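K.L.:
Please read through the structure below; I'll follow up with questions.
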């Protein structure tokens with residue numbers, strides 16, 4: 001039995017609280033069970049140098065964990081003087097995922113930065129960041145339209161992500177920390193609302209996984225992500 005008595009295909013209790021902070025164009029507190037991430041979207045005029053004059057926008061991301069978001073305190077990366085490899089990998093994943101949701105040509109020469117700060121970690125922080133940041137991004141784009149800076153919303157659709165894995169021989173969706181740390185196979189899946197995949201990151205921590213197990217995990221992820229899409233739509237409808 002899973003720690004919270006969840007069914008194998010069940011996502012943890014999910015909450016998306018919009019307008020969580022007052023300054024950012026978009027802000028969302030996303031909670032998957034005990035994992036809590038604050039996602040903010042900041043709009044700035046102009047684009048990176050490599051895009052200047054091309055008439056398109058850019059979406060980037062930063063990710064970080066508060067020192068006591070985990071069981072024991074981790075020093076801030078700023079105090080260490082550099083970001084770790086895990087942090088860089090995750091923020092690139094978040095940015096890639098959210099760029100897929102937007103027509104950058106229609107965005108024009110604006111840059112949107114998504115800041116994902118983990119308040120409390122209990123597994124799935126990168127996937128929670130993507131799912132929460134998507135809602136913050138939607139609010140930021142709506143603000144650009146409402147303020148007359150864009151004629152039409154360039155968002156192509158929602159993006160969501162979930163972790164899946166094999167634990168004690170069983171395929172599970174939305175792993176919490178105790179499951180993730182014991183997983184024989186761990187996978188993160190990012191999808192568009194229409195079912196197309198943006199990213200699949202899968203690793204065999206123990207025994208290699210079979211083709212059939214891969215397909216089963218992807219099907220499990222699709223079901224979990226559909227649940228997240230429903231929550232995103234409900235949050236944006238408020």
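Backbone N, Cα and C define each Cβ position, glycine as well.
These figures come from a predicted structure and were not determined experimentally.
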K.L.:
Do you know which of 76, 86 Swiss-Prot groups with 124, 125, 126 in the phosphate site?
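P.N.:
Within the candidate list, Swiss-Prot flags 86.
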K.L.:
For the phosphate site given as 86, 124, 125, 126, which other residues of the same chain have their Cβ within 8 Å of the site's Cβ centre?
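P.N.:
Sorted by sequence, the hits are 63, 90, 118, 121, 123, 127, 128, 129.
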K.L.:
Could you give the maximum C-alpha to C-alpha distance in Å for the residues 86, 124, 125, 126 that bind phosphate per the record?
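P.N.:
If we measure all Cα pairs in 86, 124, 125, 126, the largest is 13 Å.
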